Amino acid sequence: MTFVIAIDGPAAAGKGTLSRRIAEQYGFHHLDTGLTYRATAKALMDAGLPLDDEAVAEKTAREVDLSGLDRAVLSEHSIGEAASKIAVMPAVRRALVEAQRAFARKEPGTVLDGRDIGTVVCPDAAVKLYVTASPEVRAKRRHDEIVAGGGKADYTAIFEDVKKRDGRDMGRADSPLRPAEDAHLLDTSEMSIEAAFQAAKTLVDAALKEKI
């Protein structure tokens, strides 16, 4: 059976960076499930299709190629806004969850990060992590990331956006953001990326040892 690591958490908590490091460490396949919603939204926008037609959005979601998700292209703010509109559609979520589960079966192992991996997509994952940080810390990270990339950023606007996204993610009727009961909580507010990685690695190593 494939070894699955589920990493959930709110926006800008550091789960993407952590997931990529873990996947690299163990030679596992990595999927940022948030990009699957963004890819669906971009496909709709590129085709000039409406973002409020659930049947059309579901059909588009079923045609998304998970092997060709380009983080740089899909990180555009307008795509993120569109993705948040289709992400609340149950039919779209069902279609993408099916694709994400199929990805999770890849050998020798997979790391999936998102909002509902440990609770909905892969409830039987060998390791479940819930990565979080205070809204202030997450907004500062996002702000610094944009500035480092040569962009202009307004901390207050980003902070408000982080809080808005938290409310939307946690208040969603279908698959709300919450830690799985058996998830290990990693608060990265005061943690470096390296410290978070080492904490996660300890948990993964222990689970791998149990599997053997």
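Placed from the backbone N, Cα and C atoms, the Cβ positions cover glycine too.
What Swiss-Prot says about this one:
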type: BINDING; residues: Gly9, Pro10, Ala11, Ala12, Ala13, Gly14, Lys15, Gly16, Thr17; note: ATP binding site
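Swiss-Prot feature annotations superimposed on the structure.
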{"residue": "Gly9", "record": "ATP binding site", "contacts (Cβ under 8 Å, 6+ apart)": "Lys15, Asp113, Arg115, Leu129, Tyr130, Val131, Thr132, Leu177"}
{"residue": "Ala11", "record": "ATP binding site", "contacts (Cβ under 8 Å, 6+ apart)": "Arg138, Arg142, Val162, Arg165, Asp166, Asp169"}
{"residue": "Ala13", "record": "ATP binding site", "contacts (Cβ under 8 Å, 6+ apart)": "Val131, Thr132, Ala133, Arg138, Thr188"}
{"residue": "Thr17", "record": "ATP binding site", "contacts (Cβ under 8 Å, 6+ apart)": "Ile193"}
*Other than Gly9, Pro10, Ala11, Ala12, Ala13, Gly14, Lys15, Gly16, Thr17, which residues of the chain come within 8 Å of the ATP site, judged by Cβ distance to the Cβ centroid of those residues?*
Leu18, Asp113, Val131, Thr132, Ala133, Arg138, Thr188
*asked:* I'd like the Cβ neighbour count for Lys15 (ATP binding site), meaning other Cβ atoms within 10 Å of its Cβ, all protein chains included.
replied: 28
